[in-house]
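A.B. asks: Quick one: the structure is below, and I'll ask about it shortly.
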């Protein structure tokens, strides 16, 4: 499959502070790629380099096969959508006027405004001034603006950081629909549940270095302790091995009709991150 | 690289709607008109008095409105959205300058009507006024780029307002303090000299040097715009 993003040996120094050190990864076409890490780990710096807002100190960053710095050209700008960590909306204007400006800048028909507002469940807020919206609504409008022009590649920097679970679900639904349409999504988050739900592959970034990169499923299996927890009728829980010894114990429990539930003890992405980096995500 | 008028017009339309809801910036557009109405009633007749109003319009409308529009885009982090869109730097700056330009031209025209200013050669005066408008918009752009908020912009612009509105009066003391002769080469002073010459019958061929000086100011300020934009707008 074609690579939309190819990053090799990427490094960024701010004064003498190293924000990124030798970062390499590829993002395939149509993939949702999660860039996970705590605040200050280098996630936003990476997005800024990949969207030509920042120049790298070293290494290469190719997007659509060209150096990221070329993305300043209008032709490439139309292919990407960016949701930044700040809303960047005009407070005195209405939701409609804000989106209309971007329709005109991207050469998109104004009928698209209703479509994207529907996707973020904010059709009723169309005539409201941005200054009257809640933080969560602002985040959803910013997201709507990011995919207004149906970009081939969408950069999302903490897309649900200000949202409650209900609104987050709306966003997930919208992103899944974009993915079905073939949009490649590069997502940064410190929300591991979000990464599990949305991402095909994830990279763990810590102190400017990628420490792990794989599919969430492969990572969970890699870090699993290969045991099962069996909940018994008396309320107790037994942890048994998945091998032949465990099978015998399981057979006995089942024969005596003691088993209430069985589940595997796979770690969450959050558990894996803590194990690998020794840091909590926040 | 192609220039998209559509994108610049979209930014102009957005700015028009935004400024019409912004009492602070919007009201400064009408200040020169209030002064012009007052002067009109008093019956001013000298070029210096006419051009004090025009130079004030350049400072308050062309420079200050432009400065505030850009400073607010930076303050509210909306400029980044524009920069990440297909709009090029030239399209963004042109779009952002159009509102200040149109407002300045309209205010100058209406103020001229209120104070009953009738230039002897309207073509030459129009060229000089348009060149001056372009210069002051450039000045507003530079100041908007170096400031971080509308409030800061309102303070930073004050000395420039004093110099470019009233600086031409310094030339009165030039005989006593020769250093003040420099003030003659400021765009506002050149505009007054040019208008005075035109009023006594000078043609385009007679005032080309004054136009050239104003044009030089335009060139310098736009070189500064490019330098400051490149320095300030990258993270």
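FYI, residue positions are counted from 1 along the chain as it appears here.
Positions of Cβ are set from backbone N, Cα and C atoms, glycine also.
In TrEMBL, annotation is done automatically, which means it is predicted and not curated.
As annotated by TrEMBL, transmembrane segment applies to B:21-39, B:51-71, B:92-115, B:121-146, B:153-174, B:207-229. Positions annotated as domain 'ABC-2 type transporter transmembrane' by TrEMBL: B:45-226.
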A.B. asks: Counting CB pairs under 8 Å, which listed stretch among B:21-39, B:51-71, B:153-174 touches the transmembrane segment (B:92-115) the most?
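C.D. replies: It is B:51-71, which has the most Cβ pairs under 8 Å.
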A.B. asks: By Cβ distance under 8 Å, which residues at least 6 away from the ends of the transmembrane segment (B:51-71) in the same chain are close to it?
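C.D. replies: Answer is 15, 19, 24-25, 28-29, 31-32, 35-36, 39, 79, 96-97, 99-101, 103-104, 107-108, 111-112, 115, 129, 132-133, 135-137, 139-141, 143-145, 147-150, 152-154, 156-157, 160-161, 164-166, 168, 188, 191-192, 195.
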A.B. asks: Same-chain Cβ contacts of the transmembrane segment (B:207-229) under 8 Å, 6 or more residues past its ends?
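C.D. replies: Contacts of the transmembrane segment (B:207-229) (Cβ under 8 Å, skipping residues fewer than 6 from its ends): 89, 93, 124, 127-128, 131-132, 134-135, 138-139, 141-142, 145-146, 185-187, 190-191, 193-194, 197-198.
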A.B. asks: Does the transmembrane segment (B:121-146) come near the transmembrane segment (B:21-39), with 3+ Cβ pairs under 8 Å (pairs 6 or more apart)?
C.D. replies: no
